[in-house]
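Accompanying notes for the structure given below.
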Amino acid sequence: MHIHDWPTHERPREKLLARGATALSDAELLAILVGSGLRGQDAVQTARDLLHRHGPLRLLLDRPAKALTRLPGLGPASACKFAAAMELAQRHLMSALERGEALSDPPSVGRYFSQRLRARAYEVFAVLFLDNRHRAIAFEELFTGTIDGADIHPREVVRRALLHNAAAVIVGHNHPSGNPEPSEADRAVTKRLLDSLELVDIRLLDHFVIGDGRPVSFAERGWLE
């Protein structure tokens, strides 16, 4: 059955317009980007198959556009829609940060770190530098590889913060395994970083660990007090 033959209230586009995007499942949202399904399938079933065979969602959406075109059911047009949607989401979050709006909403900052780091196949440690009104100055990826206490150099974070004349920083790194739970090494290096930044009167506002699902916030857990 084609989606056009579905009851109106069950069609993804009509459902989105009537109830908002949050009312749709992952497959229904993807179906809107897919447009039309494979022969003999509707777009929702094609989207479900994509998630089943090439998911989870983060791995599917974070693929480069050229890689998406090689998946069944996704031609160049759909692949470009996927890539454009992800880039728009990232730019929206950065725009909010630049206007100083998102820092009153810590989950938005966590989502921004997720957008930047989640798809990496290796660990990346990044820093968001902020002015004295907590507006974004710059976002930099400072360390890559296997992140542990020996790989993060607090002096380099301090040096870059002073170069940007930053009053505060938010840091984040990803766990390619998908498990966002901080390790003991993560906690140890965060303590070293906190102590180093305090020496030059720069605040460490949060440390996000990125994996599948919601980022883990050190500030939310009370680990920066």
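Every residue, even glycine, has its Cβ placed from backbone N, Cα and C.
As recorded in Swiss-Prot:
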type	residues	note
BINDING	His173, His175, Asp186	Zn(2+) binding site
DOMAIN	102-224	domain 'MPN'
MOTIF	173-186	motif 'JAMM motif'
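It is His175, among the binding-site residues His173, His175, whose Cβ has the fewest other Cβ atoms within 10 Å in the structure shown. Note on Asp186 (Zn(2+) binding site): other Cβ atoms within 10 Å of its Cβ, all shown chains, come to 21.
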